[in-house]
Amino acid sequence: MAGKPLRCISVGKLKTPFWKDAAAHYLTRIKRWRHLEYTEVRDGDAALPPDQRNALEGRRIVEALAPQDVALVLDEHGQKLSSPQLAALLRRLDQEARGRACFVVGGAWGLDDSVRQRAFKVLSLSDMTLPHELARVVLLEQIYRAECILRKVPYHH
């Protein structure tokens, strides 16, 4: 059973080798079952104040979203889901949504409100603030875990 294609949009490129390796590891595992398109939008100029940088990055994210994308935006103040709940959400979107699920990870300074307003759901990975590079890897691991749950593959305990 292949689910609908997924998409992830994030700000900036992974620069640190171990984050790149970890992301590639989970992308390879996910792609056994489901196509996942990963889009990196250019981050804002570091010389800009954080609010202006967020606004610029927010515009780039919103422009990168296709009209039919079902945006699942990651934000520290979002709804927390267990891994089985994320799997159930992906199953529901596979069955009911017209577009593909598109996870959105902001940059080092978070997200502009315009991105949250475009969201179908705003989700949180943790009560703790995570570096955006780590958040990307955690998200990919959770997508892989959700796929294992949906397929009853022994990975989630």
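The backbone N, Cα and C atoms fix where each Cβ goes, glycine too.
According to Swiss-Prot, the feature S-adenosyl-L-methionine binding site maps to LEU74, GLY106, LEU125, SER126, ASP127, MET128, THR129, LEU130, an assignment based on sequence analysis. Packing around LEU130 (S-adenosyl-L-methionine binding site) is summarised by its Cβ count: 17 other Cβ atoms lie within 10 angstroms of its Cβ, all protein chains included. DSSP gives LEU130 (S-adenosyl-L-methionine binding site) a coil state; it is part of no helix or strand.
Comparing local CB density within 10 A for the binding-site residues LEU74, MET128, the maximum falls on LEU74. For GLY106 (S-adenosyl-L-methionine binding site), the number of other Cβ atoms no farther than 10 Å from its own Cβ, over all displayed protein chains, is 25. Contacts of ASP127 (S-adenosyl-L-methionine binding site) defined by a Cβ separation under 8 A and a same-chain sequence distance of 6+ are given as GLU76, LYS80, in order along the sequence. DSSP classifies LEU125 (S-adenosyl-L-methionine binding site) as coil under the three-state reduction.
Taking each of the binding-site residues SER126, THR129 in turn and counting other Cβ atoms within 10 Å of its Cβ gives the largest count for SER126. For LEU125 (S-adenosyl-L-methionine binding site), the same-chain residues that are 6 or more apart in sequence and have a Cβ closer than 8 Å to its Cβ are LEU74, ALA135, VAL138, LEU139, GLN142.
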